[in-house]
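S.K.: Quick paste of what Swiss-Prot says about this protein:
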- GLY14, ALA15, GLY16, LYS17, SER18, THR19, ARG120, GLN157: ATP binding site (BINDING)
- SER18: Mg(2+) binding site (BINDING)
- ASP36, ARG60, GLY82, ARG140: substrate binding site (BINDING)
Amino acid sequence: MAEKRNIFLVGPMGAGKSTIGRHIADQLHLEFVDSDQEIERRTGADIAWVFDLEGEEGFRLREESVIGDLTEMQGIVLATGGGSVMSKEVRNKLSARGIVVYLETPIEKQVARTQRDKRRPLLQTEEAPRDVLERLAEEREPLYKEVADFVVRTDEQSAKVVANQIIEKLDF
């Protein structure tokens with residue numbers, strides 16, 4: 001029996017990784033997993049609380065461990081946290097264990113999609129959300145592109161249409 005393939009979605013917060021990932025999983029009859037939700041399940045606390053208690057460094061260590069475990073599964077669609085690509089270990093595991101899709105999204109769309117979401121610790125600062133998102137994009141975009149097998153823009157169509165575009169590009 002052939003091994004089931006994995007699809008890993010990377011990109012900034014507000015790119016639609018979870019929404020698009022669910023559509024892909026439904027259509028391909030795969031399991032959908034969100035790495036942030038898995039961290040919350042394992043810790044029994046929300047991401048903001050983990051950030052408050054352990055800082056970003058502690059959170060990233062948990063994220064690295066969780067993504068390491070999840071990428072060992074077969075037949076999943078995984079929505080990763082926006083900063084997960086900062087870890088070389090995570091990038092290596094994503095590349096080695098599945099097809100990586102970078103969901104590229106302009107800053108304006110990210111701001112619009114995240115402005116009322118209080119569950120994003122990196123945006124809960126004195127710094128303007130747009131400035132935070134621009135800084136994060138500068139740091140992370142080269143890493144998203146490095147790890148991606150292909151790039152899909154998410155700003156001009158519905159999540160369902162984007163999911164279909166991704167499925168068309170997959171060699172399943």
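Even glycines carry a Cβ here, placed using N, Cα and C.
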S.K.: Residues near the substrate site, ASP36, ARG60, GLY82, ARG140 excluded, by Cβ within 8 Å of the Cβ center?
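M.R.: Filtered neighbour residues, in order: MET13, GLU63, THR80, GLY81, GLY83, SER84, VAL85, MET86.
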S.K.: Could you give the maximum C-alpha to C-alpha distance in Å for the residues ASP36, ARG60, GLY82, ARG140 that bind substrate per the record?
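M.R.: Largest pairwise Cα separation, rounded: 18 Å.
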S.K.: Using a 10 Å radius around each Cβ and all protein chains in view, which of these binding-site residues has the most neighbours: LYS17, ARG60, ARG140?
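M.R.: Comparing the binding-site residues LYS17, ARG60, ARG140, the most crowded Cβ belongs to LYS17.
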S.K.: Relative to the Cβ of ASP36 (substrate binding site), which residues of the same chain, six or more apart in sequence, are found under 8 Å away?
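M.R.: The answer is ILE47, ALA79, GLY81.
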S.K.: Fewest neighbouring Cβ atoms within 10 Å: which of the binding-site residues SER18, THR19, GLN157?
M.R.: GLN157
S.K.: Which of the binding-site residues ARG60, GLY82, ARG140 has its Cα nearest to the Cα of GLY14 (ATP binding site)?
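M.R.: When the Cα distances are compared, GLY82 comes out closest.
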S.K.: Helix, strand or coil by DSSP: which one applies to GLN157 (ATP binding site)?
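M.R.: DSSP call for GLN157 (ATP binding site): coil, neither helix nor strand.
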S.K.: Looking at the binding-site residues listed here (ARG60, GLY82, ARG140), whose Cα lies nearest to that of GLN157 (ATP binding site)?
M.R.: GLY82
S.K.: Which binding-site residues from the set ARG60, GLY82, ARG140 come within 10 angstroms of ALA15 (ATP binding site), judged by C-alpha positions?
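M.R.: Passing the 10 Å Cα cut: GLY82.
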S.K.: Sort the binding-site residues ARG60, GLY82, ARG140 by C-alpha distance from LYS17 (ATP binding site) and give me just the closest.
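M.R.: It is GLY82, whose Cα lies nearest.
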S.K.: Where ARG60 (substrate binding site) and GLY16 (ATP binding site) are concerned, what is their Cα separation in Å, rounded?
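M.R.: ARG60 (substrate binding site) and GLY16 (ATP binding site) have their Cα atoms 21 Å apart.
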S.K.: When the Cα of ARG140 (substrate binding site) is compared with the Cα of each of the binding-site residues GLY16, SER18, THR19, which one is closest?
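M.R.: Nearest listed residue in space: GLY16.
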